[in-house]
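Reading through the structure tokens given below for one structure.
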Amino acid sequence: MNFVNDSPHESTENVSVIFIMTIDQSKLSNSNTQFAIIDKYSAVPSEQEILFTMHSVFRAVEIKQMAENSRLWEAHLTITDENDPQLSTLTDRIKQEINDEGWHRMDKLMLKVGHFDQAEELYNELLKNASTESNRAHIYQQLGISKNDQGKYPEASKFYEKSLEIKRKTLSEDDDALAPIYSNIGSVHTNMGEYSKALEFYEKSLKIHEISLPTNHSDFASSYNNIGHVYNNMGEYSKALEFYEKSLKIHEISLPPNHTSLATS
């Protein structure tokens, strides 16, 4: 199977890279993924082409540059399906992270894949029909996340502050529901280079976690990582390393070995 990818290189020059993908056909008979061998119908029968369904997922086992041609790469792929234990573990984890219901779950998914305009359009509709203050606070928080991911930090800050204002009316200062919003506000200040303010809000979030969560909870890892990121930006590398290592230890316990957050740590 050949795939040509025309993409911009780090320089201004466009580079075409050909990936030669070899697939172990002996494993296809055990897979639930539908496919069709189209050798007889292909314009180039010698390529032994296989047509896979759109939802097919492959794991890249190895990708290496060919010694005889630096523009040629060889990729060894393994087909996966719902019976693949690693894929199932990762899928289940993503489902846990998008832990909302109805339209809110759809919005979280759209934010996760970067469809910000569609997500914001839906959130604004949900805001018009919000039946409770708690629901409004949640929507403001999600709009803040969308603006922050787009680099619109002042707008993100305004939405986060609206969410925090509503939550503070009904919650105590050490309520666990305030921790995410403090963390989000800290993220905005980090992105704007306001590191002292960022640390202030990240530490508020961490203090709440220390009261309400077990020490190996994944939210601790996020707090430690956020604080480490601020210290790294401030040039205080020893402190940054200390918090990054705390985050990594928790991720190693709480996440599957192929989770992207573990790679980030």
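Any Cβ shown, glycine's included, is placed from N, Cα and C.
Panel annotation: around the repeat 'TPR' (137-170), residues 104, 107-108, 111, 114, 116, 119-120, 123-124, 126-127, 130, 177-178, 180-182, 184-185, 187-188, 191-192 of the same chain, lying at least six beyond its termini, place a Cβ under 8 Å from a Cβ of the stretch. Look at TrEMBL and you will find 137-170 (among others) tagged as repeat 'TPR'.
As a summary of secondary structure, the repeat 'TPR' (179-212) carries 31 helix, 0 strand, 3 coil according to DSSP. Under the heading repeat 'TPR', TrEMBL lists 179-212 (among others).
The feature repeat 'TPR' is assigned by TrEMBL to 221-254 (among others). Under DSSP, the residues of the repeat 'TPR' (221-254) split into helix, strand and coil as follows: 31 helix, 0 strand, 3 coil.
With DSSP classes pooled into helix, strand and coil, the tally for the repeat 'TPR' (137-170) is 31 helix, 0 strand, 3 coil.
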